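So that you can see what the record holds, here are the features copied from Swiss-Prot:
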BINDING   17, 49  thiamine binding site
(Lines of atoms letter the chains of each structure in order from A; the text may use other names.)
(Lines give C-alpha, C1' and ligand atoms only; values in the text may rest on other atoms or scores of the structure.)
Protein backbone atom coordinates (compact mmCIF):
# COMPACT_ATOMS: atom_id res chain seq x y z
CA UNK A 1 0.00 0.00 0.00
CA UNK A 2 1.18 3.49 -0.85
CA UNK A 3 2.39 5.77 1.92
CA UNK A 4 1.09 9.28 1.54
CA UNK A 5 3.16 11.28 4.02
CA UNK A 6 0.68 13.45 5.82
CA UNK A 7 -1.45 14.33 2.77
CA UNK A 8 -4.24 11.83 3.49
CA UNK A 9 -7.56 13.31 4.54
CA UNK A 10 -8.75 9.93 5.66
CA UNK A 11 -9.96 10.35 9.23
CA UNK A 12 -9.85 7.52 11.70
CA UNK A 13 -11.07 6.63 15.17
CA UNK A 14 -9.63 3.70 17.08
CA UNK A 15 -11.50 2.99 20.28
CA UNK A 16 -12.32 0.46 22.95
CA UNK A 17 -15.69 0.21 24.67
CA UNK A 18 -15.84 -0.91 28.30
CA UNK A 19 -19.28 -1.85 29.69
CA UNK A 20 -19.03 -2.41 33.45
CA UNK A 21 -21.26 -5.49 33.49
CA UNK A 22 -20.92 -9.26 33.31
CA UNK A 23 -22.91 -9.03 30.08
CA UNK A 24 -20.32 -6.76 28.47
CA UNK A 25 -20.11 -8.79 25.25
CA UNK A 26 -23.76 -8.26 24.38
CA UNK A 27 -23.56 -4.52 25.14
CA UNK A 28 -20.59 -4.11 22.80
CA UNK A 29 -22.03 -6.29 20.04
CA UNK A 30 -25.42 -4.63 20.26
CA UNK A 31 -23.96 -1.11 19.99
CA UNK A 32 -21.92 -2.11 16.95
CA UNK A 33 -24.82 -3.95 15.31
CA UNK A 34 -27.28 -1.07 15.79
CA UNK A 35 -24.84 1.39 14.21
CA UNK A 36 -24.88 1.80 10.43
CA UNK A 37 -21.24 1.53 9.38
CA UNK A 38 -21.92 1.43 5.63
CA UNK A 39 -20.15 4.78 5.15
CA UNK A 40 -16.93 3.83 6.98
CA UNK A 41 -14.37 1.05 6.85
CA UNK A 42 -14.39 -0.77 10.15
CA UNK A 43 -12.61 -3.65 11.79
CA UNK A 44 -12.83 -5.06 15.30
CA UNK A 45 -10.06 -7.16 16.81
CA UNK A 46 -9.40 -8.52 20.30
CA UNK A 47 -8.29 -5.11 21.59
CA UNK A 48 -10.19 -2.37 19.79
CA UNK A 49 -12.32 -1.25 16.86
CA UNK A 50 -11.26 1.16 14.12
CA UNK A 51 -13.45 3.37 11.92
CA UNK A 52 -11.96 4.97 8.79
CA UNK A 53 -13.52 7.37 6.30
CA UNK A 54 -14.51 11.02 6.00
CA UNK A 55 -14.73 13.19 9.11
CA UNK A 56 -18.52 13.37 8.73
CA UNK A 57 -19.03 9.64 8.70
CA UNK A 58 -16.41 8.74 11.30
CA UNK A 59 -17.96 11.09 13.87
CA UNK A 60 -21.46 9.96 12.90
CA UNK A 61 -20.60 6.32 13.57
CA UNK A 62 -18.61 7.08 16.73
CA UNK A 63 -21.48 9.04 18.28
CA UNK A 64 -24.00 6.36 17.36
CA UNK A 65 -21.93 3.59 18.93
CA UNK A 66 -21.56 5.62 22.13
CA UNK A 67 -25.28 6.43 22.30
CA UNK A 68 -26.37 2.85 21.69
CA UNK A 69 -23.97 1.57 24.35
CA UNK A 70 -24.99 4.25 26.85
CA UNK A 71 -28.67 3.45 26.32
CA UNK A 72 -28.04 -0.05 27.62
CA UNK A 73 -28.24 1.79 30.97
CA UNK A 74 -25.04 0.04 32.04
CA UNK A 75 -22.01 2.01 33.14
CA UNK A 76 -19.90 2.29 29.99
CA UNK A 77 -16.62 3.97 29.07
CA UNK A 78 -15.41 4.75 25.56
CA UNK A 79 -11.70 5.43 25.22
CA UNK A 80 -10.20 6.23 21.84
CA UNK A 81 -8.11 8.32 19.48
CA UNK A 82 -9.21 10.32 16.46
CA UNK A 83 -6.52 10.94 13.85
CA UNK A 84 -6.06 12.51 10.43
CA UNK A 85 -3.03 13.12 8.22
CA UNK A 86 -0.73 10.55 9.81
CA UNK A 87 2.52 10.34 7.79
CA UNK A 88 2.55 6.58 8.23
CA UNK A 89 -1.02 6.14 7.01
CA UNK A 90 -1.97 4.42 3.75
CA UNK A 91 -4.80 4.73 1.26
CA UNK A 92 -5.92 1.17 1.93
CA UNK A 93 -8.55 0.03 4.41
CA UNK A 94 -10.88 2.95 3.93
CA UNK A 95 -14.19 4.00 2.45
CA UNK A 96 -14.60 7.63 1.42
CA UNK A 97 -18.27 7.96 0.55
CA UNK A 98 -19.21 10.65 -1.95
CA UNK A 99 -22.40 11.41 -0.07
CA UNK A 100 -22.33 13.54 3.08
CA UNK A 101 -25.59 12.26 4.60
CA UNK A 102 -25.00 11.04 8.13
CA UNK A 103 -26.60 7.64 7.99
CA UNK A 104 -27.05 7.29 11.77
CA UNK A 105 -28.38 10.75 12.56
CA UNK A 106 -32.09 9.99 12.13
CA UNK A 107 -31.84 6.81 14.20
CA UNK A 108 -30.00 8.37 17.15
CA UNK A 109 -31.53 11.84 17.22
CA UNK A 110 -34.01 10.76 19.87
CA UNK A 111 -31.45 8.93 22.02
CA UNK A 112 -30.19 10.78 25.06
CA UNK A 113 -27.13 10.08 27.17
CA UNK A 114 -24.76 12.04 29.32
CA UNK A 115 -21.23 12.31 28.01
CA UNK A 116 -18.75 13.63 30.56
CA UNK A 117 -15.51 13.63 28.64
CA UNK A 118 -11.82 14.33 28.95
CA UNK A 119 -10.07 15.07 25.66
CA UNK A 120 -6.61 16.12 24.59
CA UNK A 121 -5.69 17.66 21.23
CA UNK A 122 -2.27 16.99 19.71
CA UNK A 123 -1.39 19.11 16.65
CA UNK A 124 1.66 17.17 15.48
CA UNK A 125 4.78 19.04 14.31
CA UNK A 126 2.98 22.34 14.85
CA UNK A 127 5.11 25.13 16.41
CA UNK A 128 2.00 27.00 17.60
CA UNK A 129 0.36 23.93 19.11
CA UNK A 130 -0.69 25.81 22.24
CA UNK A 131 -2.52 28.34 20.09
CA UNK A 132 -4.59 25.56 18.53
CA UNK A 133 -5.27 24.00 21.93
CA UNK A 134 -6.53 27.36 23.22
CA UNK A 135 -8.76 27.66 20.14
CA UNK A 136 -10.14 24.23 21.04
CA UNK A 137 -10.95 25.43 24.55
CA UNK A 138 -12.65 28.54 23.14
CA UNK A 139 -14.82 26.36 20.88
CA UNK A 140 -15.90 24.24 23.84
CA UNK A 141 -16.66 27.34 25.91
CA UNK A 142 -18.72 28.84 23.08
CA UNK A 143 -20.71 25.61 22.75
CA UNK A 144 -21.33 25.41 26.49
CA UNK A 145 -19.62 22.06 27.03
CA UNK A 146 -16.34 23.18 28.64
CA UNK A 147 -15.96 22.40 32.34
CA UNK A 148 -12.32 22.88 33.21
CA UNK A 149 -8.75 22.08 32.37
CA UNK A 150 -7.40 18.99 34.13
CA UNK A 151 -3.97 17.40 34.12
CA UNK A 152 -3.14 16.37 30.53
CA UNK A 153 -6.66 17.04 29.22
CA UNK A 154 -9.67 19.35 29.04
CA UNK A 155 -12.96 18.30 30.61
CA UNK A 156 -16.29 18.58 28.82
CA UNK A 157 -19.79 17.72 29.97
CA UNK A 158 -23.29 17.68 28.59
CA UNK A 159 -25.58 15.65 26.40
CA UNK A 160 -23.76 13.26 24.06
CA UNK A 161 -24.99 15.10 20.96
CA UNK A 162 -23.51 18.37 22.24
CA UNK A 163 -20.23 16.84 23.41
CA UNK A 164 -19.64 15.02 20.12
CA UNK A 165 -20.49 18.24 18.27
CA UNK A 166 -17.76 20.01 20.25
CA UNK A 167 -15.25 17.24 19.63
CA UNK A 168 -15.93 17.32 15.90
CA UNK A 169 -15.72 21.13 15.75
CA UNK A 170 -12.36 21.04 17.55
CA UNK A 171 -11.06 18.31 15.24
CA UNK A 172 -12.15 20.20 12.11
CA UNK A 173 -10.64 23.46 13.32
CA UNK A 174 -7.30 21.82 14.01
CA UNK A 175 -7.10 19.72 10.83
CA UNK A 176 -7.70 22.84 8.73
CA UNK A 177 -4.63 24.48 10.24
CA UNK A 178 -2.07 21.68 10.42
CA UNK A 179 -1.46 18.42 8.56
CA UNK A 180 -1.42 15.76 11.28
CA UNK A 181 -3.84 15.82 14.19
CA UNK A 182 -4.54 13.29 16.89
CA UNK A 183 -7.16 13.77 19.57
CA UNK A 184 -7.69 11.42 22.50
CA UNK A 185 -11.10 11.10 24.13
CA UNK A 186 -12.37 9.37 27.25
CA UNK A 187 -16.16 9.38 27.73
CA UNK A 188 -18.35 7.82 30.40
CA UNK A 189 -22.08 7.22 30.85
CA UNK A 190 -24.19 5.93 33.74
CA UNK A 191 -21.36 6.02 36.26
CA UNK A 192 -22.58 5.06 39.76
CA UNK A 193 -20.14 7.47 41.40
CA UNK A 194 -21.50 10.33 39.30
CA UNK A 195 -25.08 9.42 40.20
CA UNK A 196 -24.19 9.29 43.88
CA UNK A 197 -22.47 12.67 43.67
CA UNK A 198 -25.56 14.23 42.06
CA UNK A 199 -27.87 12.69 44.67
CA UNK A 200 -25.63 13.81 47.51
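The backbone N, Cα and C atoms fix where each Cβ goes, and this holds for glycine too.
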Structural state of residue 17 (thiamine binding site), classified by DSSP into three states: strand
Per DSSP, three-state class assigned to residue 49 (thiamine binding site): strand
Those residues of the chain, 6+ apart, with a Cβ under 8 Å from that of residue 17 (thiamine binding site): 27, 28, 31, 49, 65, 69, 76, 77, 78
Neighbour tally for residue 49 (thiamine binding site), based on other Cβ positions within 10 Å of its Cβ: 21
